[in-house]
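> TrEMBL lists these features:
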DOMAIN    43-295  domain 'G-protein coupled receptors family 1 profile'
TRANSMEM  27-50  transmembrane segment
TRANSMEM  62-89  transmembrane segment
TRANSMEM  101-122  transmembrane segment
TRANSMEM  142-165  transmembrane segment
TRANSMEM  200-228  transmembrane segment
TRANSMEM  240-262  transmembrane segment
TRANSMEM  274-297  transmembrane segment
Amino acid sequence: MVKLNGTVFMPLMLTLIGIPGLESVQFWIGIPFCAMYIIALFGNSLLLVIIKTERSLHEPMYLFLAMLGATDIALSTCILPKMLGIFWFHLPQMYFDACLLQMWLIHTLQCIESGILLAMALDRYVAICDPLRHATIFTHQVLTQIVVGVTLRAAFLVAPCLILIKCRLKFYRTTVVSHSYCEHMAIVKLAAEDVRINKIYGLFVAFSVLGLDIIFITLSYFQIFITVFNLPQKEARLKAFNTCIAHICVFLEFYMLAFFSFFTHRFGFHIPSYIHILLSNFYLLVPPLLNPIVYGVKTKQIRDRLFKIFL
């Protein structure tokens, strides 16, 4: 790591300070974060075990749910151990390349989660609007192609963010990252060079993944609601709508937190920095915590299996 004219050339190490402005209470903030992580880990692991062992749950909706649970476990595990190391054990140092790897994993898993939510919305659309063709459309081969497509889309779209930082940005004003994990914009803002291309590509990824996914999910549910409200019997309407409630809750929770965090981080100049960081942390920690709870409460098959296990 060479210093030139007050800038650092290709830093070897970065220092993550955690939550700026709340350093004195970070130890206590780590306690609820750790509890959230443990509950999320337990809930999603239990969900995966139930779906794997219960043959009646080997349907597209539950297989997508299992993939969502696995993604949630990976996403929270990417950030929590290091974050708790900063909060509890005062270990803020992180290799620059390791930080870039964490950044790529976090944003890739976020994009994968968005793609899974889109796939679940399309599954509900076909199941309600064209139920006779559901089994022929969502075959195991199609499910595999969806999983591979969602994963490759996320990995290849996020990879240029890492490449643009590694190959374009050589000089950095500081090696101190004002964040509790390696977030794309938090690293880009350290550079002492022109970062417009990095910012533009970051916005492109956000809107081409989250933006398009939320549009297609909204259109799917708009068509679902039209079909449900046109059903002649009230019981049929309630039954059809009940199959979508859990996904709607997860969908609203994920995208509301995502866009609130995204816009406050880029345009909320008058909001204290610790609010930005806390919102970013909640965006990554709350969905893995709530998703298994929402599906466990609202899905009868999973609820019945839970009763069998614990009672």
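Backbone N, Cα and C atoms are what each Cβ position is placed from, and that goes for glycine too.
What's the neighbourhood like for these features in this structure?
Averaged across the domain 'G-protein coupled receptors family 1 profile' (43-295), pLDDT for the predicted model comes to 89.
Through the fold, the transmembrane segment (240-262) approaches residues 61, 68, 110, 113-114, 117, 120-121, 124, 127-128, 206, 210, 214, 217, 221, 224, 227-228, 231, 276, 279-280, 282-283, 286-287, 290-291, 294-295, 297-299 of its own chain, all at least 6 residues removed from its boundaries and within a Cβ separation under 8 Å.
Sequence-distant contacts of the transmembrane segment (274-297), counting only residues of its own chain at least 6 positions beyond either end whose CB sits under 8 Å from a CB of the stretch, comprise 18-22, 33, 36-37, 39-40, 43-44, 46-47, 65, 68-69, 72-73, 75-76, 79-80, 83, 106, 110, 113, 178-181, 183, 246, 249-250, 253-254, 257-258, 260-261, 264-265, 268, 303, 306.
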> Taking contact to mean 3 or more CB pairs closer than 8 A (sequence separation of 6 or more), are the transmembrane segment (200-228) and the transmembrane segment (101-122) in contact?
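In this chain the transmembrane segment (200-228) contacts the transmembrane segment (101-122) - 3 or more Cβ pairs sit under 8 Å.
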> Going along the chain, which residues at least six beyond the ends of the transmembrane segment (142-165) come within the CB cut-off of under 8 Å?
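Answer is 60, 63-64, 67, 100, 103-104, 107-112, 115-116, 119, 184, 187-188, 191, 197-198, 201-202, 205, 208-209.
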